[in-house]
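Straight from TrEMBL, the features:
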TRANSMEM  9-32  transmembrane segment
TRANSMEM  38-59  transmembrane segment
TRANSMEM  80-103  transmembrane segment
TRANSMEM  109-129  transmembrane segment
TRANSMEM  141-159  transmembrane segment
TRANSMEM  204-229  transmembrane segment
TRANSMEM  249-276  transmembrane segment
TRANSMEM  321-339  transmembrane segment
TRANSMEM  351-370  transmembrane segment
């Protein structure tokens, strides 16, 4: 059952990428780089548009669910494709487990319930397995609320345009760019559920590009507010408290933004066992249980991921983020090399994919540098 459209592709991009990290990382980059952090976020927007283009191109070549791994498998062969598939899947599971953990942290700032993350996963899973039409409706709701919340925070605070007069410190700008890119990963989640879209070649590709640009602009404006307000990076309670002021509605909206991210990933990752089973590279004894759709949803795949994510969310969110980020960057690097290696793309696509691969490798190298 194909139901999702270009509009849903844009909202799926927005909700998959914006998961709450921006609320903490933007003040962190201001602490690190001062006012020159704004240039780092401009760099994030530019780099993100470069990194998303090879993803968008790859989705035009694969119409079956599984997206990126099927493309890599076609270029590099089955063995590398299988490794890539499981790496991508595991990276997604660990990353979204960290988001669930983050939801619990934010929730427990004002209310106390230890297992709220598990309850969140159960409720969202129930919504998803009710059908792809329900998914489409909630993607639009979560996406709209995400945009409105960020715009409200942005325009209800002062904006000081003299921020752009700040002196550029290249190292601080690059450091800001590195941390900022943490909040921009997630393109694989949009390209996995291809079979849910009416026209996946167009809807996913353009959804990725449009959604990424919207996110980049929102992040830039939000960071402008953070710098204009001289919002320092302190305890999480202090950061969130500064954001919501005396308005608990904003706190609820931030929880909805994070919940929307979890919703999107539970839906997208559910297609991985389905795709792997159809390609006969899932656990043989269990493959038959994951090859069917119910109301356009790979129900058993969604349930499997929900169980794993709920369990992992009880661990340290920092450890999950670090592991998920590393695996994600490695998988991105492989995809960019795949696009570069393909014979049919124009030289422009090859150039962009090569540039994306170089940028990804530099991000990994910069991370190693920061460790020492």
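Glycine is treated like the rest: Cβ placed from N, Cα and C.
Note: TrEMBL annotation is automatic and uncurated.
Put simply, of 80-103, 109-129, 204-229, 351-370, the stretch with the most CB pairs closer than 8 A to the transmembrane segment (249-276) is 80-103. Remote same-chain partners of the transmembrane segment (351-370), defined as residues 6 or more beyond its termini with a Cβ less than 8 Å from a stretch Cβ, comprise 47, 50-51, 53-54, 57, 174-175, 178, 181, 326, 329-330, 332-333, 336-337, 339-340, 345.
Away from its own ends, the transmembrane segment (204-229) comes close to residues 6, 8-14, 17-18, 22, 26-27, 29-30, 35, 37-38, 41-42, 44-45, 48-49, 52-53, 55-57, 59-60, 67, 147, 150-151, 153-154, 157-160, 163, 180, 183-184, 187, 190-191, 194, 197, 242 of its chain (Cβ-Cβ under 8 Å, at least six residues beyond either end).
Same-chain neighbours of the transmembrane segment (109-129): 100-101, 103, 135, 138, 236-237, 240-241, 248, 251, 259, 262-263, 266-267, 270, 294-295, 297, 299, 302-303, 306, 309-310, 313-314, counting only residues six or more beyond its ends whose CB sits under 8 Å from a CB of the stretch.
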